[in-house]
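To start, the structure under review is shown below, and the notes come after it.
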Amino acid sequence: MTRIETVRLRAVLDSRGNKTVEADVLTESGGFGRAAAPSGASTGEYEAIELPVNESIAAAREHAVPRLEGRVYAGDQRAVDDTLRAADGTEDFSEIGANSAVAISMAAARAGADVLGAPLYQHLGGAFRGGNFPIPLGNVVGGGEHAQEATAIQEFLSAPVGAPSVKDAVFANAQVHGEIGSLLEERDTPAAKGDEGAWAPSISDADAFELVEEAVETVEDDVGFEIKFGLDMAAAETFEDGEYVYGDEVRSTEEQIDYVAGLVEEYDLAYVEDPLDEDAYEAFAELTDRVGEQTLICGDDLFVTNVERLQEGIDVDAANSILIKPNQIGTLSDAFDAIELATRNGYETVVSHRSGETEDTTIAHLAVATDAPFIKTGAVGGERTAKLNELIRIADEAL
Ligand SMILES: C=C(OP(=O)(O)O)C(=O)O
Ligand SMILES: [Mg+2]
(Lines of atoms letter the chains of each structure in order from A and count residues from 1; the text may use other names and numbers.)
(Lines give C-alpha, C1' and ligand atoms only; values in the text may rest on other atoms or scores of the structure.)
(Ligands and ions follow the chains in the order given, each with its own letter.)
Protein backbone atom coordinates (compact mmCIF):
# COMPACT_ATOMS: atom_id res chain seq x y z
CA MET A 1 0.00 0.00 0.00
CA THR A 2 2.83 2.40 0.76
CA ARG A 3 5.17 1.32 -2.05
CA ILE A 4 7.31 4.26 -3.10
CA GLU A 5 6.58 5.42 -6.62
CA THR A 6 8.75 8.54 -6.83
CA VAL A 7 11.48 10.26 -4.83
CA ARG A 8 12.19 13.86 -5.79
CA LEU A 9 15.13 15.85 -4.46
CA ARG A 10 15.74 19.56 -4.70
CA ALA A 11 17.86 22.31 -3.16
CA VAL A 12 15.96 24.75 -0.93
CA LEU A 13 17.09 27.44 1.51
CA ASP A 14 17.80 26.93 5.17
CA SER A 15 17.59 29.57 7.91
CA ARG A 16 21.19 30.71 7.36
CA GLY A 17 20.46 31.26 3.69
CA ASN A 18 22.47 28.21 2.69
CA LYS A 19 21.21 25.53 0.36
CA THR A 20 19.92 22.31 1.87
CA VAL A 21 18.30 19.12 0.56
CA GLU A 22 14.52 18.74 0.45
CA ALA A 23 12.98 15.37 -0.43
CA ASP A 24 9.48 14.48 -1.62
CA VAL A 25 8.36 10.86 -1.41
CA LEU A 26 5.21 9.80 -3.29
CA THR A 27 3.65 6.37 -2.91
CA GLU A 28 1.77 4.34 -5.52
CA SER A 29 -1.40 4.79 -3.46
CA GLY A 30 -1.14 8.58 -3.57
CA GLY A 31 0.63 9.17 -0.26
CA PHE A 32 2.93 12.16 -0.02
CA GLY A 33 5.73 13.14 2.35
CA ARG A 34 8.15 16.06 2.32
CA ALA A 35 11.12 16.77 4.59
CA ALA A 36 14.32 18.82 4.56
CA ALA A 37 17.75 18.26 6.07
CA PRO A 38 19.01 20.64 8.76
CA SER A 39 22.67 21.60 9.02
CA GLY A 40 25.06 22.15 11.94
CA ALA A 41 27.75 24.79 12.49
CA SER A 42 29.35 23.34 15.63
CA THR A 43 29.47 19.89 14.09
CA GLY A 44 31.03 16.96 15.88
CA GLU A 45 34.06 15.30 14.33
CA TYR A 46 32.30 11.93 14.29
CA GLU A 47 29.08 13.02 12.59
CA ALA A 48 27.83 11.48 9.35
CA ILE A 49 29.03 13.50 6.37
CA GLU A 50 27.06 16.37 4.91
CA LEU A 51 28.06 16.76 1.25
CA PRO A 52 27.72 19.94 -0.82
CA VAL A 53 24.03 20.01 -1.71
CA ASN A 54 24.26 19.55 -5.47
CA GLU A 55 26.79 16.74 -5.07
CA SER A 56 24.62 15.01 -2.49
CA ILE A 57 21.50 15.26 -4.63
CA ALA A 58 23.29 13.95 -7.73
CA ALA A 59 24.78 11.01 -5.79
CA ALA A 60 21.46 10.16 -4.11
CA ARG A 61 19.67 10.27 -7.47
CA GLU A 62 22.20 7.92 -8.93
CA HIS A 63 22.61 5.44 -6.07
CA ALA A 64 19.60 5.60 -3.75
CA VAL A 65 16.54 6.70 -5.70
CA PRO A 66 16.54 3.75 -8.18
CA ARG A 67 16.72 1.32 -5.24
CA LEU A 68 13.72 2.92 -3.57
CA GLU A 69 11.30 3.63 -6.41
CA GLY A 70 8.89 0.75 -7.09
CA ARG A 71 10.77 -1.45 -4.62
CA VAL A 72 10.52 -0.24 -1.05
CA TYR A 73 7.50 0.60 1.11
CA ALA A 74 7.49 4.03 2.72
CA GLY A 75 5.63 2.59 5.71
CA ASP A 76 8.52 0.19 6.36
CA GLN A 77 10.97 2.67 7.82
CA ARG A 78 13.69 0.09 8.49
CA ALA A 79 13.56 -1.04 4.86
CA VAL A 80 13.80 2.55 3.62
CA ASP A 81 16.74 3.28 5.89
CA ASP A 82 18.50 -0.04 5.19
CA THR A 83 18.17 0.76 1.49
CA LEU A 84 19.72 4.18 2.01
CA ARG A 85 22.63 2.58 3.89
CA ALA A 86 23.12 -0.09 1.23
CA ALA A 87 22.93 2.47 -1.57
CA ASP A 88 25.54 4.60 0.18
CA GLY A 89 27.84 1.73 1.10
CA THR A 90 29.91 3.67 3.66
CA GLU A 91 29.74 3.96 7.45
CA ASP A 92 29.22 7.71 7.44
CA PHE A 93 27.07 8.43 4.36
CA SER A 94 30.01 10.00 2.61
CA GLU A 95 28.83 8.67 -0.78
CA ILE A 96 25.30 10.14 -0.97
CA GLY A 97 25.58 12.57 1.95
CA ALA A 98 23.73 12.43 5.26
CA ASN A 99 21.82 15.48 4.05
CA SER A 100 20.07 13.57 1.25
CA ALA A 101 19.80 10.43 3.40
CA VAL A 102 18.04 12.14 6.30
CA ALA A 103 15.74 14.14 4.02
CA ILE A 104 14.62 10.95 2.22
CA SER A 105 14.33 9.01 5.47
CA MET A 106 12.09 11.65 7.06
CA ALA A 107 10.06 12.24 3.88
CA ALA A 108 9.39 8.49 3.62
CA ALA A 109 8.14 8.49 7.22
CA ARG A 110 5.79 11.33 6.36
CA ALA A 111 4.54 9.54 3.25
CA GLY A 112 3.93 6.40 5.32
CA ALA A 113 1.95 8.41 7.85
CA ASP A 114 -0.01 10.08 5.07
CA VAL A 115 -1.13 6.76 3.57
CA LEU A 116 -2.11 5.48 7.00
CA GLY A 117 -3.97 8.70 7.73
CA ALA A 118 -2.10 8.98 11.02
CA PRO A 119 -0.13 11.88 12.48
CA LEU A 120 3.60 11.34 12.04
CA TYR A 121 4.25 10.85 15.77
CA GLN A 122 1.68 8.06 15.84
CA HIS A 123 3.06 6.33 12.76
CA LEU A 124 6.53 6.45 14.32
CA GLY A 125 5.63 5.81 17.94
CA GLY A 126 2.40 3.82 17.92
CA ALA A 127 -1.18 4.28 19.04
CA PHE A 128 -0.36 5.02 22.66
CA ARG A 129 1.89 8.00 22.05
CA GLY A 130 0.70 11.59 22.15
CA GLY A 131 -0.02 11.89 25.87
CA ASN A 132 3.43 13.00 27.02
CA PHE A 133 5.33 16.00 25.81
CA PRO A 134 8.97 17.00 26.02
CA ILE A 135 10.15 19.99 28.03
CA PRO A 136 11.49 22.47 25.46
CA LEU A 137 14.98 23.83 26.12
CA GLY A 138 14.99 27.30 24.58
CA ASN A 139 18.20 29.01 23.47
CA VAL A 140 17.92 32.59 24.78
CA VAL A 141 21.52 33.88 24.81
CA GLY A 142 24.44 32.52 22.87
CA GLY A 143 27.60 32.83 20.88
CA GLY A 144 30.25 30.23 20.18
CA GLU A 145 29.95 28.97 16.64
CA HIS A 146 26.50 30.53 16.30
CA ALA A 147 27.40 34.23 16.55
CA GLN A 148 30.49 36.43 16.24
CA GLU A 149 31.74 38.59 19.13
CA ALA A 150 29.25 37.16 21.62
CA THR A 151 29.45 34.85 24.64
CA ALA A 152 32.10 32.13 24.60
CA ILE A 153 29.57 29.60 25.90
CA GLN A 154 27.52 28.63 22.87
CA GLU A 155 24.01 28.41 24.34
CA PHE A 156 22.21 29.54 27.48
CA LEU A 157 18.98 27.53 27.51
CA SER A 158 15.79 28.35 29.36
CA ALA A 159 14.35 25.16 30.90
CA PRO A 160 10.75 25.51 32.15
CA VAL A 161 10.86 22.30 34.18
CA GLY A 162 7.71 23.06 36.18
CA ALA A 163 5.43 24.02 33.29
CA PRO A 164 2.01 22.39 33.51
CA SER A 165 1.78 21.93 29.74
CA VAL A 166 3.99 22.06 26.68
CA LYS A 167 2.15 25.19 25.58
CA ASP A 168 2.95 26.96 28.86
CA ALA A 169 6.56 25.83 28.52
CA VAL A 170 6.89 27.14 24.96
CA PHE A 171 5.37 30.48 25.91
CA ALA A 172 7.58 30.73 29.01
CA ASN A 173 10.76 30.29 26.94
CA ALA A 174 9.65 33.01 24.55
CA GLN A 175 8.91 35.22 27.55
CA VAL A 176 12.41 34.63 28.95
CA HIS A 177 13.81 35.55 25.54
CA GLY A 178 11.72 38.74 25.54
CA GLU A 179 12.73 39.60 29.11
CA ILE A 180 16.40 39.29 28.20
CA GLY A 181 15.80 41.62 25.26
CA SER A 182 14.30 44.19 27.66
CA LEU A 183 17.16 43.83 30.16
CA LEU A 184 19.73 44.33 27.40
CA GLU A 185 17.89 47.43 26.24
CA GLU A 186 17.76 48.82 29.80
CA ARG A 187 21.52 48.29 30.05
CA ASP A 188 22.15 49.90 26.67
CA THR A 189 23.80 46.71 25.51
CA PRO A 190 23.26 46.27 21.81
CA ALA A 191 22.61 42.69 20.73
CA ALA A 192 22.18 40.98 17.42
CA LYS A 193 20.74 37.49 17.27
CA GLY A 194 22.68 34.31 16.59
CA ASP A 195 21.83 31.56 14.14
CA GLU A 196 19.14 30.10 16.38
CA GLY A 197 17.48 33.39 17.29
CA ALA A 198 19.15 33.69 20.69
CA TRP A 199 20.42 37.11 21.78
CA ALA A 200 24.11 37.44 20.96
CA PRO A 201 25.39 40.38 23.01
CA SER A 202 29.06 41.13 23.27
CA ILE A 203 29.26 40.35 26.99
CA SER A 204 31.28 37.99 29.16
CA ASP A 205 29.97 34.59 30.14
CA ALA A 206 29.84 35.77 33.76
CA ASP A 207 27.56 38.67 32.75
CA ALA A 208 25.42 36.33 30.68
CA PHE A 209 24.84 34.09 33.72
CA GLU A 210 23.58 37.07 35.74
CA LEU A 211 21.40 38.24 32.85
CA VAL A 212 19.78 34.86 32.23
CA GLU A 213 19.31 34.20 35.93
CA GLU A 214 17.53 37.53 36.39
CA ALA A 215 15.27 36.97 33.37
CA VAL A 216 14.40 33.45 34.41
CA GLU A 217 13.51 34.59 37.95
CA THR A 218 11.33 37.42 36.64
CA VAL A 219 9.41 35.13 34.30
CA GLU A 220 9.20 32.41 36.95
CA ASP A 221 7.50 34.90 39.32
CA ASP A 222 5.11 35.91 36.57
CA VAL A 223 4.07 32.47 35.33
CA GLY A 224 4.09 30.76 38.73
CA PHE A 225 6.00 27.61 37.83
CA GLU A 226 9.64 26.62 38.09
CA ILE A 227 12.01 27.67 35.33
CA LYS A 228 15.66 26.70 35.46
CA PHE A 229 18.34 27.15 32.88
CA GLY A 230 21.09 25.15 31.27
CA LEU A 231 24.01 25.37 28.86
CA ASP A 232 25.47 23.97 25.69
CA MET A 233 29.18 24.56 26.20
CA ALA A 234 30.12 22.97 22.84
CA ALA A 235 33.51 22.32 24.43
CA ALA A 236 35.00 20.42 21.48
CA GLU A 237 35.01 23.71 19.58
CA THR A 238 37.13 25.37 22.26
CA PHE A 239 39.53 22.51 23.02
CA GLU A 240 43.00 23.41 21.77
CA ASP A 241 46.19 21.56 22.63
CA GLY A 242 44.68 19.93 25.68
CA GLU A 243 43.12 23.12 27.07
CA TYR A 244 39.68 24.69 27.07
CA VAL A 245 39.82 28.21 25.69
CA TYR A 246 36.72 30.30 26.43
CA GLY A 247 37.45 33.89 25.50
CA ASP A 248 40.24 35.02 27.82
CA GLU A 249 39.82 32.02 30.12
CA VAL A 250 42.03 29.00 29.55
CA ARG A 251 41.44 25.88 31.65
CA SER A 252 43.00 22.44 31.96
CA THR A 253 40.64 19.45 31.95
CA GLU A 254 40.57 19.35 35.77
CA GLU A 255 39.93 23.10 35.93
CA GLN A 256 37.12 22.76 33.39
CA ILE A 257 35.51 20.00 35.48
CA ASP A 258 35.76 22.19 38.60
CA TYR A 259 34.41 25.20 36.72
CA VAL A 260 31.37 23.32 35.37
CA ALA A 261 30.67 21.62 38.71
CA GLY A 262 30.82 25.08 40.31
CA LEU A 263 28.35 26.49 37.78
CA VAL A 264 25.93 23.62 38.40
CA GLU A 265 26.03 24.41 42.13
CA GLU A 266 25.88 28.18 41.84
CA TYR A 267 23.08 28.42 39.28
CA ASP A 268 21.29 25.14 39.98
CA LEU A 269 21.67 24.31 36.30
CA ALA A 270 19.16 21.85 34.91
CA TYR A 271 21.29 20.83 31.97
CA VAL A 272 24.87 20.96 30.70
CA GLU A 273 25.63 19.80 27.17
CA ASP A 274 29.14 19.02 25.91
CA PRO A 275 31.02 20.47 28.92
CA LEU A 276 34.16 18.66 27.75
CA ASP A 277 35.83 17.59 24.52
CA GLU A 278 34.24 15.08 22.14
CA ASP A 279 36.84 12.41 22.99
CA ALA A 280 36.93 13.04 26.73
CA TYR A 281 34.91 10.05 27.96
CA GLU A 282 36.85 9.78 31.21
CA ALA A 283 36.58 13.47 32.03
CA PHE A 284 32.86 13.36 31.24
CA ALA A 285 32.57 10.42 33.63
CA GLU A 286 34.37 12.36 36.38
CA LEU A 287 32.02 15.31 36.00
CA THR A 288 28.93 13.08 35.84
CA ASP A 289 30.09 11.35 38.99
CA ARG A 290 30.34 14.73 40.72
CA VAL A 291 27.12 16.42 39.60
CA GLY A 292 25.08 13.82 37.69
CA GLU A 293 22.60 13.52 40.56
CA GLN A 294 21.78 17.23 40.34
CA THR A 295 21.79 17.92 36.63
CA LEU A 296 21.78 16.41 33.18
CA ILE A 297 25.20 15.97 31.62
CA CYS A 298 24.42 15.59 27.94
CA GLY A 299 26.59 14.31 25.10
CA ASP A 300 26.11 15.92 21.70
CA ASP A 301 29.46 15.97 19.87
CA LEU A 302 30.49 13.19 22.25
CA PHE A 303 27.84 10.72 21.05
CA VAL A 304 26.72 12.14 17.67
CA THR A 305 23.50 10.04 17.88
CA ASN A 306 25.68 6.99 17.24
CA VAL A 307 24.95 3.76 19.14
CA GLU A 308 28.58 2.68 19.18
CA ARG A 309 29.78 5.94 20.69
CA LEU A 310 26.83 5.93 23.09
CA GLN A 311 27.66 2.37 24.20
CA GLU A 312 31.24 3.49 24.92
CA GLY A 313 29.80 6.24 27.08
CA ILE A 314 27.40 3.92 28.87
CA ASP A 315 30.26 1.54 29.63
CA VAL A 316 32.14 4.24 31.58
CA ASP A 317 29.11 6.22 32.89
CA ALA A 318 30.24 9.21 30.85
CA ALA A 319 26.95 11.11 30.97
CA ASN A 320 23.28 10.74 31.86
CA SER A 321 21.69 12.11 28.70
CA ILE A 322 22.16 12.23 24.94
CA LEU A 323 21.29 14.75 22.28
CA ILE A 324 19.46 13.20 19.33
CA LYS A 325 20.00 14.82 15.94
CA PRO A 326 18.83 12.58 13.08
CA ASN A 327 21.16 14.24 10.56
CA GLN A 328 24.19 13.45 12.72
CA ILE A 329 23.69 9.78 11.94
CA GLY A 330 21.71 9.92 8.68
CA THR A 331 18.40 8.08 9.17
CA LEU A 332 15.41 7.96 11.48
CA SER A 333 16.03 4.27 12.20
CA ASP A 334 19.53 5.04 13.46
CA ALA A 335 18.15 7.88 15.60
CA PHE A 336 15.53 5.49 17.03
CA ASP A 337 18.21 2.93 17.84
CA ALA A 338 20.18 5.57 19.74
CA ILE A 339 17.05 6.62 21.65
CA GLU A 340 16.24 3.01 22.56
CA LEU A 341 19.76 2.24 23.73
CA ALA A 342 19.80 5.44 25.78
CA THR A 343 16.43 4.81 27.36
CA ARG A 344 17.25 1.19 28.23
CA ASN A 345 20.31 2.47 30.08
CA GLY A 346 18.61 5.24 32.01
CA TYR A 347 19.86 8.08 29.81
CA GLU A 348 17.48 10.98 29.19
CA THR A 349 16.99 11.87 25.53
CA VAL A 350 16.98 15.40 24.15
CA VAL A 351 15.71 15.54 20.56
CA SER A 352 17.38 18.48 18.86
CA HIS A 353 17.33 20.90 15.97
CA ARG A 354 20.50 22.13 14.24
CA SER A 355 21.65 25.72 14.03
CA GLY A 356 20.73 25.71 10.33
CA GLU A 357 17.07 24.72 10.06
CA THR A 358 14.03 24.82 7.80
CA GLU A 359 10.28 24.84 8.47
CA ASP A 360 10.46 21.05 8.80
CA THR A 361 8.66 19.78 11.93
CA THR A 362 9.80 16.16 11.99
CA ILE A 363 11.75 16.47 15.25
CA ALA A 364 8.62 17.61 17.12
CA HIS A 365 6.96 14.33 16.07
CA LEU A 366 10.08 12.32 16.83
CA ALA A 367 10.15 13.68 20.38
CA VAL A 368 6.49 12.82 21.01
CA ALA A 369 6.81 9.44 19.25
CA THR A 370 9.66 8.39 21.51
CA ASP A 371 8.39 9.94 24.74
CA ALA A 372 11.53 12.06 24.88
CA PRO A 373 11.66 14.06 28.13
CA PHE A 374 13.29 17.06 26.37
CA ILE A 375 13.44 18.80 23.02
CA LYS A 376 15.94 21.51 22.12
CA THR A 377 14.60 23.62 19.31
CA GLY A 378 15.15 27.28 20.07
CA ALA A 379 12.76 29.80 21.54
CA VAL A 380 11.88 32.22 18.74
CA GLY A 381 12.31 32.57 14.96
CA GLY A 382 10.18 30.98 12.25
CA GLU A 383 12.21 27.82 11.70
CA ARG A 384 12.24 27.28 15.50
CA THR A 385 8.59 28.14 16.13
CA ALA A 386 7.65 25.72 13.32
CA LYS A 387 8.61 22.89 15.69
CA LEU A 388 7.32 24.55 18.86
CA ASN A 389 3.96 25.36 17.31
CA GLU A 390 3.73 21.80 15.98
CA LEU A 391 4.12 20.53 19.55
CA ILE A 392 1.27 22.81 20.61
CA ARG A 393 -0.87 21.47 17.74
CA ILE A 394 -0.09 17.86 18.64
CA ALA A 395 -1.09 18.56 22.25
CA ASP A 396 -4.24 20.24 21.01
CA GLU A 397 -4.96 17.29 18.67
CA ALA A 398 -5.18 19.86 15.90
CA LEU A 399 -3.07 18.31 13.17
C1 LIG B 1 22.29 22.73 17.85
C2 LIG B 1 23.61 22.80 17.96
O3 LIG B 1 24.37 23.48 17.07
P4 LIG B 1 24.83 22.92 15.65
O5 LIG B 1 23.60 22.53 14.90
O6 LIG B 1 25.56 24.09 15.06
O7 LIG B 1 25.69 21.73 15.92
C8 LIG B 1 24.33 22.15 19.07
O9 LIG B 1 25.56 22.21 19.12
O10 LIG B 1 23.71 21.54 19.92
MG1 LIG C 1 25.54 20.98 21.09
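One-based numbering along the chain as shown.
The backbone N, Cα and C atoms fix where each Cβ goes, and this holds for glycine too.
Cross-referencing Lys193, Lys228, Lys325 against the (2R)-2-phosphoglycerate binding annotation in TrEMBL, which names Gln154, Arg354, Ser355, Lys376, picks out Lys325. Going through Asp248, Asp300, Asp396 against TrEMBL, the one listed in the substrate site together with His146, Glu155, Glu273, Ser352, His353, Arg354, Ser355, Lys376 turns out to be Asp300. TrEMBL lists Glu273, Asp300 as binding Mg(2+), and of Asp221, Asp222, Asp232, Asp360 the one it places in that same site is Asp232. Cβ proximity to the Mg(2+) site centre (mean Cβ of Asp232, Glu273, Asp300, cutoff 8 Å) flags the following additional same-chain residues: Gln154, Glu155, Leu231, Met233, Ala234, Val272, Asp274, Cys298, Gly299, Asp301, Leu323, Lys376. Listed in sequence order, the residues Gly40, Ser42, Asn139, Gln154, Glu196, Asp232, Leu323, Lys325 complete the 8 Å Cβ shell around the substrate site centroid, once His146, Glu155, Glu273, Asp300, Ser352, His353, Arg354, Ser355, Lys376 themselves are left out.
Among the binding-site residues Asp232, Glu273, Asp300, Lys376, no residue is found with its Cα located within 10 Å of the Cα of Ser355 ((2R)-2-phosphoglycerate binding site).
Same-chain residues at least 6 positions away in sequence with a Cβ under 8 Å from that of Lys325 ((2R)-2-phosphoglycerate binding site) are, in sequence order, Pro38, Gly40, Asp300, Val304, Thr305, Ala335, Ser352, His353, Arg354.
Listed recorded positions: Glu196, Asp232, Asp300, Lys325, Ser352. Those with a CB atom under 6 Å from ligand 2: Asp232, Asp300.
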